[in-house]
Ligand code: GLN
C-alpha cells in the first residue's frame, strides 16, 4: 500500500544514504510478488484505505507472511505505517468482517462501530535502543481502526498530542524487537530525519552516532514545523 507520502519516506532513506555514499536499493513487492527474507535490510509496509487493505491483506498472508516472519526472526527491520501496522497484527475487524493480518506482532485492530476517525497532527515521545534519552516523533494520523496491543507488548511511544493507537490508552504504535509499527504518516521520515537515520543505522547494524552528519537545516525546520503543528 502506498498512500500519504509513503514514497516520500522511501526517498528520504535513499537520499540520506546517497549523501553519505551508502548504497541503497529499493525493491517493490506488489500483489502476488514473493519477498526474499534475506535480500533486504528493511521491509516497509505503507498505509492504505480499507478498500486497498482488503486487497493487500490476503496477498500478504498468502505470499509474504512467511518471508516477513523469517526476516524479522533474523533481525531485519520491519516497519508498518498506518494500514501497515494493522496488517502486522492478527486481524482488522470491520463490523462482521475480519481482514487477516500476518500476526507478526501481538495486536489487533477494530474499526469504530460509528465509523468515526482519529485524525490530526500527532506527536509522541519515544525511547529507542542506541539513543540516549527520549526523542519526539511528529506527524499526522488518520485512521478509523483502533489498535489494541497484547499484554506485555510495548508501544513505539507515548502520545504527547493526538490520538494514538486507540484514542484512549496514550499508547502509539508498537515496538517489538525489530518490528515497528506506527500510525504516523504525513510523511513520517521527512518530518523526523533523526528517525530515518536511526532506521538506517539499525538496519545496517551500526551505532546511530556512527553515521556521518548531514546539513540538516531544512530537515530540522520540517521537524520543528511538524512539532508546532502538533502543539509540542
Ligand atoms: N484503513 C485503516 C484505517 O482507516 C488505515 C488507514 C490509513 O492507512 N490511513 O483505520
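Glycine is treated like the rest: Cβ placed from N, Cα and C.
Database features, via TrEMBL:
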- 82: active site, nucleophile (ACT_SITE)
- 185: active site (ACT_SITE)
- 117: substrate binding site (BINDING)
- 1-192: domain 'CobB/CobQ-like glutamine amidotransferase' (DOMAIN)
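Mapped onto this structure are the features recorded in TrEMBL.
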| residue | record | DSSP (3 states) |
| --- | --- | --- |
| 82 | active site, nucleophile | coil |
| 117 | substrate binding site | coil |
| 185 | active site | strand |
In Å, rounded, how far does the Cα of residue 82 (active site, nucleophile) sit from the Cα of the residue listed as 'active site'?
7
Work out how many Å separate the residue listed as 'substrate binding site' and residue 185 (active site) at their Cα atoms, rounded off.
15
Can you tell me how many other Cβ atoms are located within 10 Å of the Cβ belonging to residue 117 (substrate binding site)?
14
May I ask which residues of the same chain, at least 6 positions away in sequence, place their Cβ under 8 angstroms from the Cβ of residue 185 (active site)?
3, 4, 5, 6, 47, 81, 82, 139, 140, 141, 142
Looking only at the domain 'CobB/CobQ-like glutamine amidotransferase' (1-192), report the model's average pLDDT.
95
Provide the number of Cβ atoms within 10 Å of the Cβ of the residue listed as 'active site, nucleophile', excluding the reference atom itself.
30
